[in-house]
Amino acid sequence: MRSSSPSQPPSIKRAHRQAKKRAIRRRRVDLQCGCSIYFHLGCAGHGFTHRGTHHCTSGGEWRVYLGARKSPLFQDTQSRGPTVYQNEGIPRTDTVQPQPEESVASPQSLPELPSLDDVDDSFWINLFS
């Protein structure tokens, strides 16, 4: 009776060749702005930011097909999103929101820490003895 296991293991080269021929498993995400992004299936759940908008790679943004070769449902959307300013009568001088300046002082939640030079020598002796 022949053994069920081969005498030599299968060649790793053959497995590598087959892996190269396999299609890369990736998923397409069509965004509201009209852009399409592909990501590897191993990256699912990490999310990304595109044009200042954070997108999660979960089930809500997947491409929805009508049939085998038809376009996604929202592909024919002409606008690039809603208009931000509805009232055009208000003048807009600066469209960039100012950011708070960085300070060199201590944060308000942390008190000022004393300098290590001001600590008494007896403290260090007691600490390391």
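Yeah, the Cβs are placed from backbone N, Cα and C, and that goes for glycine too.
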Annotated residue, phosphoserine, per Swiss-Prot; candidates Ser109, Ser115, Ser122: Ser109
Among ranges 13-28, 45-60, whichever one Swiss-Prot labels motif 'Nuclear localization signal': 13-28
